[in-house]
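Enquirer: Below is a structure I'd like to ask you about.
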There are 4 protein chains.
Amino acid sequence: MNERRGLAGSASYGDDLLDLDGDRLREECGVFGIFGHPDAAAITALGLHALQHRGQEAAGIVSFDGARFHTERALGLVGDTFSDADTVARLQGNRAIGHVRYSTTGETILRNVQPLFAELDGGGFAVAHNGNLTNGLTLRRQLVRDGAICQSTSDTEVILHLVARSRRPRFMDRFIDALHALEGAYSFVGLTNKKLIGARDPLGIRPLVLGDLDGCPILASETCALDIIGARFVRDVENGEIIVASEDGIESIKPFGVQPARPCIFEYIYFSRPDSIVHGRHVYDVRKRMGAELAMESPVDADVVVPVPDSGVPAALGFAQQIGIPYELGIIRNHYVGRTFIQPTQSVRALGVRLKHSANRSVVAGKRIVLIDDSIVRGTTSVKIVQMMREAGAKEVHFRISSPPITHPDYYGIDTPEREKLLAATHNLDQMRDYIGCDSLAFLSVDGIYRAMGEGARDPARPQFTDHCFTGDYPTPLADLDLQGPKQLSLLAEVG
Amino acid sequence: MNERRGLAGSASYGDDLLDLDGDRLREECGVFGIFGHPDAAAITALGLHALQHRGQEAAGIVSFDGARFHTERALGLVGDTFSDADTVARLQGNRAIGHVRYSTTGETILRNVQPLFAELDGGGFAVAHNGNLTNGLTLRRQLVRDGAICQSTSDTEVILHLVARSRRPRFMDRFIDALHALEGAYSFVGLTNKKLIGARDPLGIRPLVLGDLDGCPILASETCALDIIGARFVRDVENGEIIVASEDGIESIKPFGVQPARPCIFEYIYFSRPDSIVHGRHVYDVRKRMGAELAMESPVDADVVVPVPDSGVPAALGFAQQIGIPYELGIIRNHYVGRTFIQPTQSVRALGVRLKHSANRSVVAGKRIVLIDDSIVRGTTSVKIVQMMREAGAKEVHFRISSPPITHPDYYGIDTPEREKLLAATHNLDQMRDYIGCDSLAFLSVDGIYRAMGEGARDPARPQFTDHCFTGDYPTPLADLDLQGPKQLSLLAEVG
Amino acid sequence: MNERRGLAGSASYGDDLLDLDGDRLREECGVFGIFGHPDAAAITALGLHALQHRGQEAAGIVSFDGARFHTERALGLVGDTFSDADTVARLQGNRAIGHVRYSTTGETILRNVQPLFAELDGGGFAVAHNGNLTNGLTLRRQLVRDGAICQSTSDTEVILHLVARSRRPRFMDRFIDALHALEGAYSFVGLTNKKLIGARDPLGIRPLVLGDLDGCPILASETCALDIIGARFVRDVENGEIIVASEDGIESIKPFGVQPARPCIFEYIYFSRPDSIVHGRHVYDVRKRMGAELAMESPVDADVVVPVPDSGVPAALGFAQQIGIPYELGIIRNHYVGRTFIQPTQSVRALGVRLKHSANRSVVAGKRIVLIDDSIVRGTTSVKIVQMMREAGAKEVHFRISSPPITHPDYYGIDTPEREKLLAATHNLDQMRDYIGCDSLAFLSVDGIYRAMGEGARDPARPQFTDHCFTGDYPTPLADLDLQGPKQLSLLAEVG
Amino acid sequence: MNERRGLAGSASYGDDLLDLDGDRLREECGVFGIFGHPDAAAITALGLHALQHRGQEAAGIVSFDGARFHTERALGLVGDTFSDADTVARLQGNRAIGHVRYSTTGETILRNVQPLFAELDGGGFAVAHNGNLTNGLTLRRQLVRDGAICQSTSDTEVILHLVARSRRPRFMDRFIDALHALEGAYSFVGLTNKKLIGARDPLGIRPLVLGDLDGCPILASETCALDIIGARFVRDVENGEIIVASEDGIESIKPFGVQPARPCIFEYIYFSRPDSIVHGRHVYDVRKRMGAELAMESPVDADVVVPVPDSGVPAALGFAQQIGIPYELGIIRNHYVGRTFIQPTQSVRALGVRLKHSANRSVVAGKRIVLIDDSIVRGTTSVKIVQMMREAGAKEVHFRISSPPITHPDYYGIDTPEREKLLAATHNLDQMRDYIGCDSLAFLSVDGIYRAMGEGARDPARPQFTDHCFTGDYPTPLADLDLQGPKQLSLLAEVG
C-alpha cells in the first residue's frame, strides 16, 4: 500500500483527507444581466444564486438607475450578501449585471470581486467576466508601461483600460477595439448608462445564453438562471457575437465574422448544472449518456453501481441503466459541512475521519461495486474513496470515470493544477489503478465522450469542442505562458 | 386551482413558498459522550458533526479534566463553533459529552443550549437530552413552587433540579430518584466528576447506542457517530437502562425492571441517517423496503420514478426497483442555500421562484411521473412540488408517500404542528389528492410499514413501535397537555 | 533605580507600562430604575450611560409591560448595545431597571450580566445590585447544600434564591426575609410585576438616590443619572431603607430600624462623577477641598501644579488655588485609546511607549512640578508617571496624593488587589518615595479627608464613613474570608 | 428665545443636539513614514495612534520588505485594526508609511483609505496625503479624458496617475513633474522600492516634520508622533521641499525654489495636539497666549472661567491666569461616548438630553461665568452650551472665543461648511450674541492671534500664515471652484 502511494508522494495525508471535493476542478465564474425590469437587482441576485455552483467565493451586482451606478460586492455566497433586503434596495434601477466568482486562494480580495466599474470619459462602464485571457498579463504589462494604473489582479480590468484608452468616439467601437486585443476565453456582461452588453469570444469557449422575462432581455451563463425566475430561453449567444440591449431593442454584432464554435466540453462533464441546457443539449441527459457509453466501452461484472456524490450521480444512473446492475447510494454525503471545519488533532486525524462523506455499509459490505466518478484530477481523493469502500467491506472495487484522462492544464477559466500534479499526465492506466488501489480502472474514451455529445466522433481537423485537457490541443495562442520577469502585478493582491 | 387550495387556507403563499424543506418534521436533538480518551472533546465534536442532521440550531460540549468542568456552547452548526482549534483546546480532559439541538423558533437562546451544567452539593453535573418529557412543565411548576429558580425553558433543567433536591446520599441514587419522576421520552448523556452516564426512558422511544474506541466507552444517538471516528458498535442501550462508565468499567442498571421496548418509528422513516443501524436494522434498507412495500400496495403505470430530495431518495430507489420503472433525478437541489436567503420583492415572489429546488425538465417533460416522498405534514410543499412538476411539463403526477398519513401530533421530541394543521387530520384521501393537485395519491399502510420493518404486522395489544402520529396510540400519559394557567415560564426565553 | 524597583518586583515592565489607568481601583456597578414612564427603557439606557464610569464591561436592562418581562443584556458599553433602536423597542413597558457592571477578568460572562431574573412562584422578579456581600459565598454554599442550582457566580443570584425559598406569603416579606440574611454592602433595584423596589444596606455603604421625572419615581446610583434626563433629585435613599414604588405611590420600609449611616468615602475620592451630589455634598467641591487640605498639610515650593488626568484634576485645581502655584496640563491624554491596543514587539516595547498619556514638554521642561493624584494602589503607574515627567525635563517632581495611604483591601464592591500588593501596606513613606522615584511624597491625612468632607475629624467610636482601606476598620463581619474548601462555584464561570 | 433662534433657522433641533463636538472643524489626515527600522510597521502604527486626533475614520499602512509591498487598511481607529499582532506581522519590511483619515460622510469607503498604491512601470509606489488639492477635480477630469481609470475619489490618486504618465525616465523626475501640476495644500509621504519620500507644497500649508529614531529617518505630521516612540525631532520639512530617504542617506530637493512659508494657522488653534511643536512653537503655549491676548482685548468681570472641553482648555487657562479669575471645570465630559449612541425617542429627545457633556452645577450655579471656546463654526452648539449653563443656574454667561470670526470656508484639507452656514459670515457680532443667547460675546482679533503666535501683527502684503478662514485671503488659485458639469466622479464612491 505504501508503495503505491509512494508514486505520488503525499497522497496519504493532508487536509484533503477530509474532503472528497478537494480534488475537483473549479470554474472561475458565472455572469448574469437584465435590462428594463423594475426588480433588476433582485432578479440578478436570484439568477446569481442559480449560478452559485460556478463560483462560491464572492458575488457582486452593479445596477444603473438612469443617473447613477450602484454597486454591492462581497466575499461569500450570493445569499450571504443579497439576503439583506436593504442591500438589494440600494441597487436601484431597472438594469443590472452580476457575477459569482471562484478564485485560487489568496487572490480573493474585495477589489478583485466583479463586476468591475470605471468612470470613462463618456460615462460609467461596469463589466463582469467568465473565462480567462491567455494574453491578459501581456496586455497588462503594456498598459502599465503606458502609464495605466491597475487596481486589481483581474483580467477583467484589462478590458476596462483598453476601452478607456481607445481613441474611437463611439462606445461600442471602443469596446470592439478592446475585444480585438484579447485572446482566450471570455463571456462578458457589461453595463453602460445606455446599454446592457453581452459578448462571447470567437470560439465561444465559455457559455452565455439570452433569455427574456416579460419582454426584458436577460443574459446568463446557464439556462438554470432563467428557470429560477421563470424566464424564457431565447437562444445561446453565438461564438464571437456581441449582444447589445438598449431601449431601442436588441442588436447583434459579429466583429469577428463567422467561424465554427468550439465550446468547452467540461461544461457538460462537470460545470454546468444538470438541469441546464447548453447549446441545445440537456446536461443531465449528456451525463447519463456518458455513463452509458462508459458501460459499453468498459463493462464489468458487479453487484451494485455506486456514484461518487454528487457529481457522479447522473453518469452512474446511465451506467446502471445501460448495464442492468442496481444503482445504490453507497456513499452518504453530510450536507452540514461548512466552509471551515474541525481541525482534528494529529491523533484524531489518524482515525481516518471523513467529515463530508461516509460509506453506507448496508450497500457496500460484501459486494462487488462499480464506483462512478466524472473525472480524476490529482487522484488523491480517489485513493481515499476506494479505501473507504474497502473498509466498509466491499469485495471488489471497480472504478469507472465518465470522461477521458486529464493530461493537460486549462488556461481558459478552469482552475487546474500544474501538469506534473495531474495523475494522468504522469501515470499510465495500470499505474493509476495501482496508485488508486482499485481492482480495475477505466476512463471514457475521447470518441466515447463525443458520441455521448451526439457527435459521431472527434474531428481532429476541426474539433467540435475545446478539449485540450484530454488532448493537449489548445484552441488559442498562450502568450502569457512565455512571459518572463518579476510578477510584480501579483503584489496588487495584497493591497487590500 | 384556487378552490382546491381554499380547503386549507393559506397554502398558496408564505415564506414556505421558497423551501420544500419547510414542511418537514424536526427532531429535537442528538447526544454524544466519551470516557477516557485523550482527545475527548475533539472526538465529541466529530461525533456531533455526524449527528448534525438531528439538530442544526445549536451545539455544545462539556468536558471534565479531573478537577474542573469546561463548556463551550453556541448557536449554529457544530463546525461553526468547533472548527476553532482554540475552542476545542479549552475543553480539556479525557471525558466529554455533547449535544446538537433543534428547537422551535424563538426559544433557541444560548441559555437553553445543552449540555446544561449545575454545581451540586457533591460536585458538578452536566447533562444533555434527546427527547421530550410529557410532564416536564408539570414538574417545573412544582419545583418553582418549592423555591427552585429555573434559568432555562429546557426540560433538561428539570432533571438537574430533581437530582439537586433528592435527599439520597449517593449520586446514582439521586439520579434514579429523578428518573422515576419523569414521563415521556428521553435519552440522556450525563457527566459527573467520576462517571459518564447514559439513560433511556422505559420504552426506549429515542435511540442511544454504546460504542467503543480503543477501549474507551462511547454513547451516541446513532451509529453514524461511531463510524465517523472508526469506533466499534457494541450494542444499543436498552429501553429503561442506565449505563455508567467510570474508571471501574461499565455498569448497567435497570431501575424500571424489564419491559418490551417501543422505539419511535420515525427514526426509520425520517430522522436517522441512512447509513445508521437502529436496533439492528440498516436505515437505508428499511427505507428502500418502505418504497418497495408502497410499490406493491399502490402500483402505478408511469414513465419515471422521481424522489423528492433528499429524504425521498431511498424509498424512491426501492419503489423503482420493485416496480421496474426508471429512477431519475427529476428535481435538482441547490446545495448553496444558507440559513437566510433573498427576500424577493412581492413582484419577484409572484414569479414562483424556487431557491432550493428546480425541476429537471429533461426528465419530467412529457412524462408520467411517480413522485416519492417520505411523509406529508401540512401538505403545503407538496402542493408546490406537484405544481413545479406540472410546470416542467409532466403529463401525469402520481404522488406516493412511503409512510402512513400523519394524523396526530408528537410530544416526544419531534416538532409537529398542532393537530388542525396536519393535512391528514382534516382531509380524507380524495380531499388530500385534490388539495395537492396530483393525479393520484397513496400512502403506505400502517401494516405495510411494519412489514418493511421486518415485523409481520402491527400488534395492537403491544405495538412494537411508538407510532401515535399514525395511530393516535400514545405510549405514555400526557400530563402537561391538561395544564392550565399563565405560561409564565416561557418568559424566561427572553432573558437572553 | 533597579534597587528601588526591586522592592516591588515587576513594576518596571508588563502590560501596565502602557496604561496609567492600569493601577486604579474599580467600582463594580451602577444601577437605575424607573416606574410608570412610557419611555422607561430608553430613559434607563440614558441613566446607565450617565453611570458608565461605574462599570464598563457589561450592561443590561429588564422591563415589564404589564404581562411579560423583557431583557437585553450584553458585554460592552451601554451605547454598544442600546444605541440600537430595535433593542430598546423590544424592552416594552413603562417600568424598567438597569445595571452597568465592572468585574474582575474572567468572570465577565453573559450569565453574570445583570439584572438577573427569576420566575418565582408568584411571578417574575428581576434584580440588579451595586455592592458586595461579605457572606455571599457562605450563603451560596448553604443554598447548594439545600438543593439550589446556581447559574451565575454573582452575589446577586443569592438574593433571588433567598426570596424564592422564603416561606412567607407576601413578596415584600420574602424580600425582607432575604435582606436579613445578607451581610456587606448592597444597593439593589428590583422589579416585580407590581413594584419597583430599591434597597440599601443598613450602613448605606453604596449610594442610591431617589428622583422624579414628571411624577415617575426613579432610583439611581448617582444624581448625574437624574441630570442627564432632566429629572428632579428628591433625596438619598437612606441607609437600611427599602423604597417601594407602585401604582399606589411610594412607600418607605425600614426593616433594620434606624442607625447612623456610614457611606463609603471612596465615592467622594474616586468613584462618583464630579458633577454628582452624594449625601448633600458636591463631589467636585469635596475633591477640590481635598486638594486644598493637602496643600495646607504638605505644601511645597514649586513652579507648576500638574494633575494626573483625569482623576487628579479637581484636587490639583484645589491644591493650586490654595497654594498659589499655576495649574498646568503637564500630561496630555490620548482620547482615542480603545479597549484593545497595539501589542508592540519586545523591541518596540523597550522604547517606553505611552499610548494613553504623553508629557507636555512645554509645561514640564526645566520646572519643579507638583504632581497631584487621588490615590496610590500598587504604585506601579506612579513610578512610570514620575519617570515620564523626568524624561520630559522636570527639574523636581513632588508627588501629592489627595487621600490617605491605602493599606487594606475592600470587600464591599471595590476591586482592590490583595493586601500584599498594596504599596502602602508594605512600604513606609520614605520607601514609597524611593520606590516611586519622586523628590518628595505626601498623602492627605485621615483627618484631613474628614475635614474636606466637612466633618471636624474622624470619630473613632462611630466613624462617619466606611474608610477601612485607610484604617482597617471594617464596618461589617467578613464571613467569606474564613471559608475553606474547593471553590467549585467558580467553575460556573466557564459554563459560557 | 424663538426669535433669536429664528435668525439661523434650524439651530434648535437636529442630531447635533446630542453632541457639542458636532460643530467642530475637521482635519482630513495625518501621515507617518519610517525608513530602515526592523519594526517599521509597529512603529508606524504607534505614530498613527499619536496622530489619531487628525482623523478617526480610517487608517492604513503600507510596508516594503525589499521584494514585495504589503498593505493593511481599514475603517475605524488605528487601534481597531493594528492592535492585532497578526495584522502588524503581515506588514513585513523595514520601511513603511501610514495614514489616518477623516472624511466627509458617505465618502469613507475602503477604496479611498490611504496609503494608495500603484504598480508603476518601474516598480510599486505607495503614497499618503494630508491636505487638499484645489485643482484635484480639474486634473482628474483631464486624466479620465486621456483614458485613465480612477478607482477612488481621493485627490491622492491623481498624483499616482500623474507620476504613472510622466515620460521622464527617473522616478524622482516623474514625481517632481507631478508636483508641478498640483495646486493647493499637500504634505505627502511616499514609498517606492528604494526610497521613503516626503513632500510639502510650496507654501507649507499642512505640517510635516523630520525625525530620527536610532538613525532611521522618520516623517510625521506632528512631533507628538515622534514623542510616542522616543524619536528625536530633527527639523520641520520646509515649504516646497522634498525629502528623500534611501540607503544612501537623506537628500533634500527644492523643485520650487525658495519662497516664504505660509502655514495654516488652524494647526495652532485647533488641529495639532497641545504637546506638539509646530514650526518651533509649542502648541499648548500658543493656545494659552491666545487666551491671554483675548483676556487683554476683551476682559470681563466674572466669578469663574469655564473651558468648553476639551479644545477650549489651554486658552481658558491662559485667559484665567491673565485676568486673575479662577479656572473651574463647569462642564464635565462623558468619556464613554462611542461612535454610535442611543437614538432617543422623540419624547425622550424633548428632555434635552446631553450624552456627551453635563453642567457641573457646583461651579456654575449662581455664578457669572466666562465661557472659553477656540472657535465658532455654525454656532449651533454654542447655543446649546450657553443654554446648558443657564439651566445649571449661571447668573451671567460671557462667551469668549480664542480666534477670530470664521467668515470663509477652507479648501486645503479642513472640512468647513459652505459659506452661508458659517455663523460669522452672515451675522454681525450683536446678531451672533443674540443668536447664541449669551450676555456678551467677543472674538480674538486677527492681530491678536498673530501676537499670540509671536508675530507683531499680520503683514497684509505677505501674510505669515494661511488665514483665509478669517480674512478671505486664499493663498492659491481655486481652479475646481469654477468647474461645471456632472460630478460623475462621485459615483465612484458607491463602488464599494
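Using N, Cα and C of the backbone, Cβ positions are placed for all residues, glycine too.
Predicted automatically and left uncurated, TrEMBL annotations should be read as such.
Relevant sequence annotations retrieved from TrEMBL are reproduced here:
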type	residues	note
ACT_SITE	D:C29	active site, nucleophile
BINDING	D:S311, D:D373, D:D374	Mg(2+) binding site
DOMAIN	D:29-248	domain 'Glutamine amidotransferase type-2'
Enquirer: Once D:S311, D:D373, D:D374 are set aside, which residues in the chain still have Cβ within 8 Å of the Cβ centroid of the Mg(2+) site?
Expert: D:I269, D:Y270, D:P307, D:V308, D:G312, D:A315, D:I372, D:S375, D:I401, D:S402
Enquirer: Might you list, by sequence position, any residue in that chain lying six or more from D:D373 (Mg(2+) binding site) with a Cβ less than 8 Å away from its Cβ?
Expert: D:P307, D:V308, D:S311, D:G312, D:A315, D:S382, D:I385, D:F399, D:R400, D:I401, D:S402
Enquirer: Using DSSP with the three-state reduction, classify D:D373 (Mg(2+) binding site) as helix, strand or coil.
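Expert: Assignment for D:D373 (Mg(2+) binding site) reads strand.
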Enquirer: Which whole-number mean pLDDT does the model give the domain 'Glutamine amidotransferase type-2' (D:29-248)?
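Expert: Per the prediction, mean pLDDT sits at 92 for the domain 'Glutamine amidotransferase type-2' (D:29-248).
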Enquirer: Between D:D374 (Mg(2+) binding site) and D:C29 (active site, nucleophile), find the distance joining the two CA atoms and give it rounded to the nearest Å.
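Expert: On Cα coordinates alone, these residues lie 20 Å apart.
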Enquirer: So what sits near D:C29 (active site, nucleophile) in its own chain, CB-to-CB under 8 Å and at least six residues off in sequence?
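Expert: When sequence neighbours closer than 6 are ignored, D:C29 (active site, nucleophile) has D:R54, D:G55, D:H99, D:V100, D:R101, D:Y102, D:Q114, D:A128, D:H129, D:N130, D:G131, D:S221, D:G413 within Cβ distance under 8 Å.
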Enquirer: Provide the number of Cβ atoms within 10 Å of the Cβ of D:S311 (Mg(2+) binding site), excluding the reference atom itself.
Expert: 23
Enquirer: What's the number of neighbouring CB atoms sitting within 10 A of the CB on D:D374 (Mg(2+) binding site)?
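Expert: Taking all protein chains shown, D:D374 (Mg(2+) binding site) has 25 Cβ neighbours within 10 Å.
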Enquirer: Name the secondary structure element type, per DSSP in three states, that contains D:C29 (active site, nucleophile).
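Expert: Strand, per DSSP.
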